């Protein structure tokens, strides 16, 4: 706090002393100060470039000092990120950049709960940060990160008042909008959703290139835009990852000032040139062309994961946050969101004066920053559709540009969880500093994770949405719900047959395209075909319900061409696929055309085309076949063939997992017992080993007589006679030795010359084999010269009669005294 106070005292920024900015009404000049910070725990090595993993800046304004804590958005660029541009000779170049560094950061403002920041640091600081309901923008006045910067609120930004070109009548896939806010929420609304991902491909046209002046400037602009869009969608558990960028200095299709024409041309170009060439989920055009009227963007509704997944965006603001807000809005349409104004009773917690919500129809001087509750309900309804599977494809997190980083909300190599930065993390199961589970936790996220524990097997984690969907159950081992599965193709459903998780019918397709009052046209309409341009009609003589889709009633869609003609039984309407009528909407694949038949490749074919007959027979009446022709077991039964109950499988798994533990326990007990037994044996043998080392060994020949060895004998210790200075045991009977032919040396005068009587054992000593006498005469024994301070050697005892045993240990200068050996019974 003292540091911040000092900064506020030292910094007294002047108001608008710099050069005038044509796009800003008023601003303050600030000098950001980069704060010293310790290197991130998992910061990348220096070869990754000049932009560190985390940064902190202090921004002093009139009356406030804001401290921004930023972390590099390492997930901004996907592993397959490419850039395509035109070379000087006109040839097209595509580069897949490796170890691509960038300067895009996200973060928060210290001391402000719920704050957010999206900043570029390439040439000074450029971006925004939000404190409460106020959005602050910052841009450099020179290229120094600590030089002069213009800082202003969003309300002071001068820009074109923009609107979205999407009209309510174009919300074909969403049905009627009236009172939708009161409709029942999806059944799985309360089930936590896992993170979904939009792999984004961006195209910048020639007008945008000319406007910004260089390829690098366009690239930096696009990265700033996507970085901001990603930040906005994190609120909805979505991540936006840029996988491709094209920069044109010459347009590849006609870009009209009419947004709808440009959108149709753009999507046609995508289908012909981009689809299948570079994997992506959504494509966005950023154009420098000024669209007619107030329109700044247009998109297809509920089109993500389809061939219509895309939008066009006019770069209408000097600040990149402007076009980013437009792109976030149009991407919302692709994700099934409608305008907040089109839903009666829709509530946005942010007032319009403060920017409103992202899906408001018009963009004012303040940029929106949150989604309304209506948008969240629309999104939840859209993602439950089976055709949105592309959103669940997790990008290869181990190949993100920049490598794994703790705190980016992606669980990467070496991490058990990732709940964001320590300031943002609200997950009690995850340590945000280490990205490891807290002690005692089994999981931190996932629909099969509850209070840090994996849910038991058999609990529902994803409800079925309709007759063509299947509910999924937790397996008791993983915190994530199994892959979304649905009924096998050809399963009967209301009015038709299931196909890829949906139940396509002619009636539903007419309502989707022409509104709730539409219905299927008479059969006579389906006996005609329409040539391109709706120039007449051709009678085929037979009914074909698998060609062009003919409807009647409903509302005529705006900005869509259509063809109308009369038949014997009514009016036939055919809807064009775009603003022209060269092609028409066709009946969808899998639509029921006759009893037991479906549309496939433009013709009415038997259900056997699905090759799914008798598939469920292998599921033992406890499950059905899914779209992968695998058994999807009923609740309580275990895959793969639904023969065993989950409880039995769990018991077997528990037994199999406990078997190694029991084996280890038994081994530990056995080892412990062996150690104890070995200890007892060693303990009992220890005195004997000491005694053996203390007494003379049993002689095997006359040469073993200890008197024949000098003190420097090289015999091993266990065969060497006892040293006179060693302690000799008195607890064992004397062992017989060979009787020497010469008398022992005379003892010192202090000791009596008459030997002490030696007791005889009462029991008979066992027969012992006497060693043979030496074959050669023994050498003359010379007595050793002993210093007065040492005791003389003990005289030997006759074998077989028992004898004296040397006394206890003698001290220096103390004579040895023969002791009586205690009588022991054998």
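Glycine residues also receive a Cβ, built from the backbone N, Cα and C atoms like all the rest.
Annotated features, as they stand in Swiss-Prot:
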CARBOHYD  89  N-linked glycosylation site
CARBOHYD  260  N-linked glycosylation site
DISULFID  305-390  disulfide bond
BINDING   329, 333, 339  Zn(2+) binding site
DISULFID  346-374  disulfide bond
DISULFID  348-357  disulfide bond
DISULFID  430-452  disulfide bond
CARBOHYD  431  N-linked glycosylation site
DISULFID  443-449  disulfide bond
DISULFID  461-481  disulfide bond
DISULFID  468-498  disulfide bond
DISULFID  493-503  disulfide bond
DISULFID  563-615  disulfide bond
CARBOHYD  614  N-linked glycosylation site
DISULFID  615-625  disulfide bond
DISULFID  619-631  disulfide bond
DISULFID  633-642  disulfide bond
TRANSMEM  659-683  transmembrane segment
TOPO_DOM  684-826  topological domain 'Cytoplasmic'
REGION    701-826  region 'Disordered'
COMPBIAS  733-748  compositional bias 'Pro residues'
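Ranking the disulfide-bonded residues 346, 430 by other CB atoms within 10 A of the CB puts 346 at the bottom. Within 10 Å of the Cβ of residue 461 (disulfide bond) there are 21 other Cβ atoms, across all protein chains. It is 615, among the disulfide-bonded residues 615, 642, whose Cβ has the fewest other Cβ atoms within 10 Å in the structure shown. Neighbours of residue 631 (disulfide bond), defined as other CB atoms within 10 A of its CB across all chains, total 23.
When pLDDT is averaged over the topological domain 'Cytoplasmic' (684-826), the result is 49. Of all the disulfide-bonded residues listed (374, 503, 563), 374 sits in the most crowded Cβ setting, with the most other Cβ atoms within 10 Å. Comparing residue 481 (disulfide bond) with residue 339 (Zn(2+) binding site), their Cα atoms are 32 Å apart once rounded. Residue 498 (disulfide bond) falls outside any helix or strand according to DSSP and counts as coil. The two recorded residues, residue 461 (disulfide bond) and residue 333 (Zn(2+) binding site), show a Cα separation of 28 Å.
Separation of the C-alpha atoms of residue 633 (disulfide bond) and residue 333 (Zn(2+) binding site): 36 Å, rounded to the nearest whole number. Just so you know, of the glycosylation sites 260, 431, 614, the Cβ with the fewest other Cβ atoms around it within 10 Å is the one at 614.
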